[in-house]
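Down below is the structure, laid out as structure tokens.
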Amino acid sequence: MTITSEELIVHKDNYIKTQYKVFTKVLDSLLDYTLFKTDNYIEDIENNLNILNKVFSENNMDGISYLCRECNDIILNLKHAKDENKSLIYDALLCLSKLKNTFNELIQPKINSNEIEPLNNNDWEQSTWVQEYTNMTYTGNILIVDDDLLLLAILESIFRKEGYRVFVSSKPAEVIEIIEEQKIDVVLLDLIMPEKNGFEVFSEIKSIKPEICVIFLTANTKFEDKVKAIKAGVDGYITKPFQEEEVIANVESLLKKANIQRTSIFHDSLTGAFTRKYFKQRFNEERLKNMKDNTPLSVAFLDIDYFKKINDTYGHVFGDYILQAFAQKLRKYIRDSDELYRFGGDEFLILFTNTTQQDSYSVLERIRTHIEGHVFSLDEINEKVSISFSAGISMLDNPNEDMEKLLDKADKALYLSKETGRGKTTIREKINETITAKKKILIADEINIIGNLIKSRLIALGYSVTFAKNQNELMEKLDELSPDLVLLDILLPQFNVADTLKKILNKDNNVNSKVILVSSKQKDAQLSKYFKLGVHDYIQKPFSLQEIEQRIRRQLQ
């Protein structure tokens, strides 16, 4: 299976394509090793990675050359391991996955011209024997904290053989740094240690990462301490000495429950994308990395163009199918390091870790070629549609920038993509704020806490906002401003809604004004009458700022 370096350099102009073929052999060899466990496959991987490293180094491509060496280090550890080590195979798969993404970026022009097929998740990553290592149901990342170094070594060996990624420390003071830098699922924590006791460390862990499961390990048999641990919310309590099977069973049981809970909390039930709630957690984790290592962090908002029209034309069943299929396509074509979130409705967000906004743009435009060339169909409904999407990208300017500001920049970039024709991606820094005049919104409502919150949010999104407290003031503002949209509370005593609507919608200089009605009533007998007059939308109180923002944006697109 080994290819000589001379073969690679024969056609130097095409060397990346040739190396790409070598890399596919590396993947095949790893698959064969996971299936047959024979050392000759490891030697094939080692030889081919050495060749790749050599040629990339000679061509001054240090980044991918470094990845080849990193993968080879793991392969060497695997080669010298006495027993089958699922954890090392898993590490090898992760490293090769990074290498795969780098290859795909390098040969993207050849993929676009159909000279070669991209390495994607449908090839090697989804093979059943690879899933044994990459999708082991209850394996995860474990941190073991104990001042007994012998016990640390024993527990580390036990869990590595079971396929877990294991982190160990004999110092309680190191725990917080580790859980901030690594995705830890379970902490095995000694209750009695010289520097800090287990209860203190437990409180610190839960204050920062409440989702992490904690199991106490202790030689203390006092019933009072066990009761105290249970009341504190500790997830498990194991008394030393213990059997190997006991501690493994405890960890597996906890992870099973945690995975079920995470799925319900952190995954959107319709699309399978991560939820907005989970994004808040991940953003804080990645911002810490940005602060420490100065690695770039970017986000992109995406939504489906004319999705409301799809829903109205084909029904909500087909609309839900489009959302599911769109999310599935995004997950297929984003990189392994990227994360997909659903923020509500047809709005999605991609978190690009260690990625500049320009690189994020390249990823999105590659995805666009796959999605916009695809026909979506649902047999049960016998409908076929093609879709496009608009996107807006922003990058974290500094580690002190908060999440809302980062999202707001991406949101404004998305808005500009839609305002200037849809089906495109806009980078926040490239927006010329003076290109488009601010859209004007007139709110017919009392100026109160809720009203001011709405005003602040809309101004932050780039709208011009004015209030009218009564009908006479509303008529004056209509003549003065010619607003793009009027937001009217139909329960205000100062307004005759029907007369007001007739004047708004019939005034020659305001024929383009959109009208959204607001009411706290579940049903209003007059609503159908109002819609016949030309009202464009209706929102029922109480509503979220996000909902009113989406409704307004939809009308002003």
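Note that Cβ sites are derived from N, Cα and C of the backbone, with glycine treated the same way.
Record features, source TrEMBL:
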type	residues	note
DOMAIN	141-255	domain 'Response regulatory'
MOD_RES	Asp190	4-aspartylphosphate
DOMAIN	295-430	domain 'GGDEF'
DOMAIN	440-556	domain 'Response regulatory'
MOD_RES	Asp489	4-aspartylphosphate
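Here Asp190 (4-aspartylphosphate) is positioned 60 angstrom away from Asp489 (4-aspartylphosphate), judged by their C-alpha atoms.
As a whole-number mean, the pLDDT of the domain 'Response regulatory' (440-556) in this prediction is 77.
When DSSP labels each residue, the domain 'Response regulatory' (141-255) comes out as 56 helix, 25 strand, 34 coil, counted as helix, strand and coil in that order.
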